[in-house]
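Annotated features in Swiss-Prot:
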ACT_SITE  Glu93  active site, proton acceptor
DOMAIN    99-327  domain 'Radical SAM core'
DISULFID  Cys106-Cys332  disulfide bond
BINDING   Cys113, Cys117, Cys120  [4Fe-4S] cluster binding site
BINDING   Gly158, Glu159, Ser190, Ser213, Leu214, Asn215, Asn289  S-adenosyl-L-methionine binding site
ACT_SITE  Cys332  active site, S-methylcysteine intermediate
Amino acid sequence: MTEKTDLKNLTLPALEQFLRGQGKERFRATQVFKWIYQHDARSFQEMTNISKDLRAELEAKAYISNLEPEAVEVGGDGTRKYLFGLEDGNSVESVLIPDEGRNTLCISSQVGCAMGCAFCLTGTFRLTRNLTTAEIVNQIMAVRRDVEIRNIVMMGMGEPLHNLDNVIPAIHIMIDGNGLQLSNRRVTVSTCGLAPEMERLGRELPNVNLAVSLNATTDELRDRIMPINRRYPLKELLSACREFPLPGRRKVTFEYVMLGGLNDTLEDAKRLLRLTSDIPNKVNLIPFNEFQGCEFRSPTRAAIDAFHKYLIDRHVTVITRDSRGSDISAACGQLKGKLDAARQPTE
C-alpha cells in the first residue's frame, strides 16, 4: 500500500507538481493550498469549491496533518508555552510572547539539539530528530487558532540551520501569499553559527532576517560555552555574517547571552564592538536565565546596564531583552525544562 502524502510538507510549487502527477490543473494546487493555510481546513471534505471526485482522489493519496497542544502554560506576564506531542511520542515546545498588536511566536525546528551550548537547557538533551516541514508549520497553525501572530522567530528547540531541508520549505509556506501570508520582514532565523549553512539560507531565502547567537568575544570562551565554535571560529562566523545578503536597511541581530562574571565586562563590550563594527547589526543583550544544575549565573543589574550603556553611547542599536516567561520555563534557553514533569500523569 502506497504511503499517503502529508500536504503540509509541500510548498505550493511542490503541491502543483504533486497534483500534476495526478493529472490535475495547476490552479487546483492554489485552491487546496488556500484551504489548508487560509481556512485551516483539516479535511478535504471542507473544500467546497473542489469537485467531489477530486476530494475523493486526494483522500485516497494524501492527508492534512494537524497539531493540538497537549498543554498550555501561561506566565504572569502573559507569555504562553505550548507543549505539542508528536505522532512518534516525542514533544516540542513553542512560546507565544504577547505584545499589543505584534505577537511573536518562537517555534522549534528539532526535537532536542545537537549543538550542546553549555548555557542552554535544551542543549543538554541530545538531538532526537529533525522536525518535518509540516511539524514546523503546524506549530504556527495551532497557536494562530488562539491569537493573531505577526512575528515568527525560529529560536525554539533545535538549531534551524541544522535542519534546512525542512526549515526552508516551512518558511516558504509562511511567506507565501497563498499560504500563511507572513511578511518576510517578520520572520527571523537564529543560528549558533553554522557558517556554510548561513550561505545556503541567504541564497535560498535572501529576504528573511538572520539572528546569530554570539555570546562571546574570544574563541577561548566561545569554544568552552559553544562547541560549534571549534568548527567555525569567530573569524569564519563573522565573515559569513558579512556575506549574508541583507535586503535594504536590515541588520544582522547578534544575540548575546550575558553570563555573570564570564562575558559581561566592559572589556567584553569593547571587543564586541570591534568584532562587529563593519557589519550592519543590532545587539540583543539577554541576561542568562538560571536553571537547576547549571554552572552559570545571571549577571548583575549593574553589569547589564554598563554593557548596554557602552554600546548605546557608541551608536549601536541595542536592546536588553526582558526575561519573558521565566516563571513557566519558557524564557530563552529554558525550553524543555518542564517537559517531562508536564507529561507525567498525576495520581
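Just so you know, glycine gets a Cβ as well, placed from its N, Cα and C.
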Quick check on the binding-site residues Ser190, Asn215: which one has the highest count of other Cβ atoms within 10 Å of its Cβ?
Asn215
Note down the number of other Cβ atoms within 10 Å of the Cβ of Leu214 (S-adenosyl-L-methionine binding site), including every protein chain shown.
28
Min neighbour Cβ count (10 Å) across binding-site residues Cys113, Cys117 flags Cys117
Determine the minimum-neighbour residue: among Ser213, Asn289, listed as binding-site residues, which Cβ has the fewest other Cβ atoms within 10 angstroms?
Asn289
Of the residues named as S-adenosyl-L-methionine binders, Gly158, Glu159, Ser190, Ser213, Leu214, Asn215, Asn289, how far apart in Å are the Cα atoms of the most distant pair?
19
Can you give me the same-chain residues 6 or more apart in sequence from Gly158 (S-adenosyl-L-methionine binding site) with a CB-CB distance under 8 Å?
Ser108, Ser109, Gln110, Val111, Gly112, Cys113, Thr122, Leu127, Asn130, Leu131
I need the nearest neighbour of Ser190 (S-adenosyl-L-methionine binding site) among the recorded positions Glu93, Cys106, Cys117, Cys120, using C-alpha distances.
Cys106
